[in-house]
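**Student:** There's a structure below that I have some questions on.
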Amino acid sequence: MPESAQPETPILVSPAAPESPVTFPPAFLWGAATSAYQIEGAVREDGRTPSIWDTFSHTPGKTAGGETGDIAVDHYHRYREDVAMMADLGLTAYRFSVSWSRVQPTGRGPAVQVGLDFYRRLVDELLQHGITPAITLYHWDLPQELEDAGGWPERDTAYRFAEYAQIVGEALGDRVEHWITLNEPWCSAFLGYGSGVHAPGRTDPAASLRAAHHLNLAHGLGTSALRSVMPTRNEVAISLNSSVVRPLSQDPADVAAARKIDDLANGVFHGPILHGAYPKSLFEATRSVTDWSYVQDGDLEVIHQPLNALGLNYYTPTLVSAADPKLGGPRADGHGASEHSPWPASADVAFHQTPGDRTEMGWSVDPSGLHELIMRYTREAPGLPIYITENGAAYDDKPAADGTVHDPERIAYLRGHLAAVRRAITDGADVRGYFLWSLMDNFEWAYGYEKRFGAVYVDYTTLERTPKSSARWYERAARTGVLPEVDAR
Ligand code: FCB
């Protein structure tokens, strides 16, 4: 059993509004993000094999309307026009993920060059347009063959990930400086193996905690593998959907509930990755589910190695109290909302709707949470540069008669959150860039195509792309380094 440590993480009160105009440092990266399964399509081309998301989305009842990523927005074939569009929108960075089963179809063994070639061409296209690429190695699409061998609850999957990381690092390390090992391992572990609302759809509490540990191990092994083959100037990071967990009241029972969820949401990853130990309180909270005996000697050293940066994905805060059956059921989709708690041993915690305006996902709009999160990790990991690797909102966007798509709510969301980032920089945080989720409308996992997160509208019949007014607003921010007013088009 590893030694435990839990840092003190006081909750900050959000400070006053920023000065106007809101101006960013010249080197700040103005990016947008996507992931392979959500945009690429071409699922059976050039040797790609099914990932757990192909299997899951093709299983009746798992996604809204039975929708799949078979075609998605056909980025695999349209990447050139998509990169040209990014350049037209003034983006200076682009975060995308590599499909593991496109480059290593069985999840082990030699790489498929034609699969890697797609990413080589994409990266070269980006560089030619002056756009900085940021690669995520794993955005939830485990090759199905590895799931059949046990998936993330099996230790071997972490070693397979390291092998895959080395392959991609060797192929692209000469031209990509920004690397992210995993996207939101919380979702892979707890939504994939706990609540089962994400692929592979298992509902096994003990397996979800084993998966969490092996994802941490994969991050550590993958970081070493990347560093063994890449130039030292390259940055290695991880993207976490760390939760801003707030207690409903200052009642000690509610505060204790918030601490418990903070361990299950944040401590389980930040503990080993940033501090070299799982929180002792996490072991206590999960004692009835697992004994953590799969944490082997030396694992924590592998996981806890210096990173070059931390990626934070933020959408909305989480509000909890001690359970009270009268107050309604738990929520959990990784961003503070949904029907089933994915956490083992959290039956004594109730999750609540946070106040304020809500997006189409039902998530409340609360930029103060982003500021709070950045400041927390500025204290927890001093000196580590931070990137906001995802932030954005889904709205029910509809083209007007003239074909334009006006989305003032998204503009307000982006402005509010970017202003919160700027406040954090003023308060001493080293935030180097922001990646809007998402570049364009895409396959929103279990929600299929019904939730539109894009700054660019996609007509799913013609696959035509139309920048929404938020994309033009963001372009002005990116080109000037100053946030335009909300009503500026
Ligand atoms: C994050 C995912 C991303 C997208 C957004 C809305 O959890 O990383 O793929 O689904 O939420």
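Every residue gets a Cβ built from N, Cα and C, even glycine.
Among the features that TrEMBL reports, active site, proton donor is placed at Glu184. Residues annotated as active site, nucleophile in TrEMBL: Glu390. Among the features that TrEMBL reports, substrate binding site is placed at Gln38, His139, Asn183, Tyr315, Trp437, Glu444, Trp445.
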**Student:** Using the residue listed as 'active site, nucleophile' as the reference point, find which of the binding-site residues Gln38, Tyr315, Glu444 has the shortest Cα-to-Cα distance to it.
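**Tutor:** Sorting the binding-site residues by distance from the residue listed as 'active site, nucleophile', the top entry is Tyr315.
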**Student:** Since the record lists Tyr315, Trp437, Trp445 as binding-site residues, which of them has the fewest other Cβ atoms within 10 Å of its Cβ?
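**Tutor:** Trp437, out of the binding-site residues Tyr315, Trp437, Trp445, has the fewest neighbouring Cβ atoms within 10 Å.
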**Student:** Distance check, please: Cα of Tyr315 (substrate binding site) against Cα of the residue listed as 'active site, proton donor', rounded to an integer number of angstrom.
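**Tutor:** Given the Cα positions, Tyr315 (substrate binding site) is 13 Å from the residue listed as 'active site, proton donor'.
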**Student:** Minimum Cβ neighbour count within 10 Å among the recorded positions Glu184, Glu390, Glu444: which residue?
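**Tutor:** Selected from the recorded positions Glu184, Glu390, Glu444 on minimum Cβ neighbours within 10 Å: Glu444.
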**Student:** Can you check which residues sit near Asn183 (substrate binding site), meaning Cβ under 8 Å from its Cβ, same chain, 6 or more apart in sequence, and list them in order?
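**Tutor:** Set apart from Asn183 (substrate binding site) by at least 6 residues yet with Cβ under 8 Å, we have Ser35, Ser97, Thr136, Tyr138, His139, Trp140, Ser239, Asn313, Thr389.
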**Student:** Taking just the CA atoms, what is the gap between Gln38 (substrate binding site) and the residue listed as 'active site, proton donor' in Å?
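**Tutor:** Here the two Cα atoms lie 15 Å apart.
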**Student:** Between Trp445 (substrate binding site) and the residue listed as 'active site, proton donor', what C-alpha distance do you get in Å?
**Tutor:** 14
**Student:** If you take the centroid of the Cβ atoms of Gln38, His139, Asn183, Tyr315, Trp437, Glu444, Trp445, the listed substrate site, which other residues of that chain have their Cβ within 8 Å of it?
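**Tutor:** Residues close to the substrate site, other than Gln38, His139, Asn183, Tyr315, Trp437, Glu444, Trp445: Ser35, Glu184, Glu390, Ser438, Phe453.
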**Student:** Provide the three-state secondary structure of Gln38 (substrate binding site) computed with DSSP.
**Tutor:** helix
**Student:** Taking just the CA atoms, what is the gap between Glu444 (substrate binding site) and Glu184 (active site, proton donor) in Å?
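**Tutor:** For Glu444 (substrate binding site) versus Glu184 (active site, proton donor), the Cα atoms are 15 Å apart.
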**Student:** Quick one: Cα separation, Trp437 (substrate binding site) versus Glu184 (active site, proton donor), in Å?
**Tutor:** 14
